[in-house]
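S.K.: Pasting a structure below so you can have a look.
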Amino acid sequence: MANLNQKKYPAKDDFPNFEGHKSLLSKYLTADMYAKLRDVATPSGYTLDRAIQNGVDNPDFHLGLLAGDEETYTVFADLFDPVIEEYHNGFKKTDNHKTDLDASKILDDVLDPAYVISSRVRTGRNIRGMALSPHVCRSERRAIEKMVSEALNSLAADLKGKYYSLMKMDEKTQQQLIDDHFLFDRPVSRHFTSGGMARDFPDGRGIWHNDKKNFLVWINEEDHTRIISMQMGGNMKEVFERFTRGLTEVEKHIKDKTGKEFMKNDHLGFVLTCPSNLGTGVRCSVHAKLPHMAKDKRFEEICTKMRLQKRGTSGEFTESVGGVYDISNLDRLGSSEVEQVNCVIKGVKVLIEMEKKLEKGESIDDLVPK
């Protein structure tokens with residue numbers, strides 16, 4: 001809840017100190033804009049100060065903004081719009097997003113299993129009418145858990161599985177699931193603590209997975225749901241087919257049982273807590289062995305030119321182990337799910353081709369995108 005004493009002071013005395021900050025928040029939030037929006041709140045009571053706290057606390061963060069509900073993006077559009085435009089490659093406030101979940105349009109190419117260890121597609125979805133994780137109250141969070149877990153328990157055939165509440169899970173089991181990359185980590189990072197997303201942990205949180213452990217749903221991590229399809233090897237089409245089928249089933253069961261739908265609009269696509277995930281929310285990734293590419297100074301630049309993102313073996317801010325990298329789509333907003341997945345397939349094929357050439361001591365100059 002906002003401090004009611006705040007209104008006794010002029011907005012200029014409340015403006016954050018952005019000295020040494022690198023975020024898009026610090027670039028676009030002016031004193032005049034802050035004065036205009038400081039005392040405004042969304043219908044559920046989320047304020048500008050809550051939306052920017054994540055960035056105020058962390059000078060090194062790239063964005064520095066989090067939504068507390070679906071309306072955050074319209075009520076505070078003066079700030080969010082320019083941040084979204086710069087982060088999402090020029091996506092303007094007049095642009096519309098496009099959605100395409102047709103698995104038949106995914107390229108048939110199976111990525112070379114000698115280089116690709118595993119493939120994964122994930123997205124986030126939030127339930128309309130409920131606050132997002134920086135602003136959600138305990139009763140809402142528990143209602144989301146009940147709603148989603150009951151919908152998931154309706155899945156059948158190869159998607160049939162079980163829900164595991166973190167409240168009922170012992171520490172050893174929880175850590176094993178984290179180590180196996182099935183479960184999200186405990187919310188101890190600055191992103192979660194500053195953003196108010198670690199509150200009440202592990203209350204209302206859990207993981208659901210099918211019997212084969214290749215279709216998973218995280219409940220109440222950063223978003224209400226994180227829906228994940230994954231498997232060993234490089235058959236991304238198979239991964240995406242299961243992903244879309246499971247996603248469609250979950251949405252249908254939630255709507256049939258509760259009348260609720262996912263947050264979505266024509267402009268931003270699927271509405272998620274962090275502006276970086278707006279649009280498809282899709283992160284299509286592979287773990288690929290690229291030890292020779294890692295020694296090439298152009299590696300990151302090559303990935304960026306192909307609209308790919310390179311991370312360490314265990315994700316963002318981690319190092320590569322044994323030359324294994326996490327390679328994923330860079331874009332989320334303005335292009336469809338099918339386009340983003342196909343971008344990864346095509347790009348990783350090129351990276352593997354480069355790796356093979358480097359193994360033989362050959363030049364990759366002819367393969368480097370201009």
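The backbone N, Cα and C atoms fix where each Cβ goes, and this holds for glycine too.
From Swiss-Prot, here are the annotated features:
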type	residues	note
BINDING	118-122, His181, Arg226, 283-287, 311-316	ATP binding site
BINDING	Glu222, Cys274, Glu316	substrate binding site
DOMAIN	6-89	domain 'Phosphagen kinase N-terminal'
DOMAIN	115-358	domain 'Phosphagen kinase C-terminal'
S.K.: Sorted by position, what residues of the same chain at least six away from Ser118 (ATP binding site) have a C-beta under 8 A from it?
M.R.: Met230, Gln231, Met232, Gly233, Val286, His287
S.K.: Between Glu222 (substrate binding site) and Val121 (ATP binding site), how far is it from one CA atom to the other, in Å?
M.R.: 17
S.K.: Among the binding-site residues Arg226, Arg311, which residue has the largest number of other Cβ atoms within 10 Å of its own Cβ?
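M.R.: Max Cβ neighbours within 10 Å, all protein chains included: Arg226.
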S.K.: Looking at the binding-site residues Val121, Arg226, Ser285, Arg311, which has the shortest Cα distance to Cys274 (substrate binding site)?
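M.R.: Result for Cys274 (substrate binding site): the nearest of the binding-site residues is Arg226.
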S.K.: Using Cβ atoms only, which residues of the same chain lie under 8 Å from Ser285 (ATP binding site) while being at least 6 residues apart in sequence?
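M.R.: Listed in sequence order, they are Ser119, Arg120, Val121, Asp326, Ile327, Ser328, Asn329, Val344.
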S.K.: I'd like the Cβ neighbour count for Glu222 (substrate binding site), meaning other Cβ atoms within 10 Å of its Cβ, all protein chains included.
M.R.: 22
S.K.: Count, for each of the binding-site residues Val121, Cys274, the other C-beta atoms lying within 10 angstroms of its own C-beta, and report the residue with the smallest count.
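M.R.: Each of the binding-site residues Val121, Cys274 was scored; lowest Cβ tally within 10 Å is Cys274.
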S.K.: Restricting attention to the domain 'Phosphagen kinase N-terminal' (6-89), give the mean pLDDT.
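M.R.: Here the predicted model's pLDDT, averaged over the domain 'Phosphagen kinase N-terminal' (6-89), is 97.
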S.K.: For the domain 'Phosphagen kinase N-terminal' (6-89), DSSP counts of helix, strand and coil?
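M.R.: Residue counts for the domain 'Phosphagen kinase N-terminal' (6-89) by secondary structure: 43 helix, 2 strand, 39 coil.
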S.K.: Please classify the secondary structure at Arg226 (ATP binding site) using three-state DSSP.
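M.R.: DSSP call for Arg226 (ATP binding site): strand.
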